[in-house]
Amino acid sequence: MKKTDPCGSILISFLFMEAVFYLTFIILDLTSSLNGLSTALKYCSVLLCFGFSLIFERSPDRVLVASALGLTVIADAFLLLLDRHYLAGILCFLGVQILYYIRLLSAGGFTLLPFLPVRFLLSGCIFPILAVLHIWDSLSAAAAFYFLQLLLNAAESLFLRRINLHYTLFSAGLLFFVCCDLCVGLTNLPSLAVLSVPESLLSFAQIGMWIFYLPSQVMITLSIYPKPVPYT
């Protein structure tokens with residue numbers, strides 16, 4: 001009798017559903033139609049990542065990532081569904097990056113310790129730089145501090161990507177996360193009157209944030225899937 005792989009079936013179902021969500025809301029965004037449905041599908045796709053992270057046997061690493069994905073769900077409730085309480089949403093995303101940094105430290109150990117002073121130095125420089133630019137509001141300060149932590153996490157994850165497939169996916173997910181937030185930043189530049197953004201670039205950024213965001217969440221979620229493939 002042929003054995004079945006329940007984990008494999010669940011994985012295929014997860015990827016299929018995420019692909020359906022992804023293609024549908026991208027088409028809706030490109031055609032500028034049914035914005036409410038597009039928003040609902042986007043949020044469901046993030047919820048699905050969180051749900052998928054909860055179904056496997058618990059380990060410290062899986063609990064860490066599942067907690068981060070849970071915070072992501074809360075952050076997107078503020079930023080995507082409610083479209084208000086932006087500071088709360090950004091602070092939730094900051095919590096996500098703190099959890100991902102703990103994961104990096106747990107995996108990398110002494111490998112990443114030399115980067116710790118650099119992280120503290122750059123983090124400490126954020127607020128004086130914002131003051132020089134006359135950006136005083138708490139939302140901009142939180143967003144800048146959060147994005148720096150994401151950027152540093154993505155950079156440091158590159159040193160761990162060869163451990164196994166888990167960390168390759170995790171690193172790729174963080175890099176896609178950076179691309180998403182660069183698009184978010186571009187869409188907000190006109191409102192900040194920092195510089196003029198070409199209309200074509202702005203149009204891409206408005207759609208591009210989710211072109212990058214959902215793949216980032218899927219890859220991060222898959223980084224805790226059982227049976228990693230070690231590199232030799």
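Placed from the backbone N, Cα and C atoms, the Cβ positions cover glycine too.
Because TrEMBL annotations are produced automatically, they should be read as predictions rather than curated entries.
Quick caveat, the model's predicted, so the values are computed rather than measured.
If you look up TrEMBL, you'll see 7-28, 40-56, 63-80, 86-104, 116-136, 142-160, 167-187, 207-225 marked as transmembrane segment.
Here the transmembrane segment (142-160) has Cβ contacts under 8 Å with residues 87, 90-91, 93-94, 97-98, 100-101, 104, 107-108, 111-112, 115, 118-119, 122-123, 126-127, 129-130, 135, 167, 170-171, 174-175, 177-178, 181, 185 of the same chain, all six or more residues outside its ends. Packing against the transmembrane segment (86-104) from elsewhere in the chain are residues 61, 64-65, 67-68, 71-72, 74-79, 112, 138-139, 142-143, 145-146, 149-150, 152-153, 156-157, 160, 170, 174: each is 6 or more residues past its ends and has a CB under 8 Å from a CB in it. Tertiary proximity for the transmembrane segment (167-187) is limited to same-chain residues at least six positions away from its ends with a CB under 8 Å from its CB atoms, namely 100, 103, 107, 147, 150-151, 153-154, 157-158, 160-161, 197, 201-202, 204-206, 208-210, 212-213, 215-220, 222-223.
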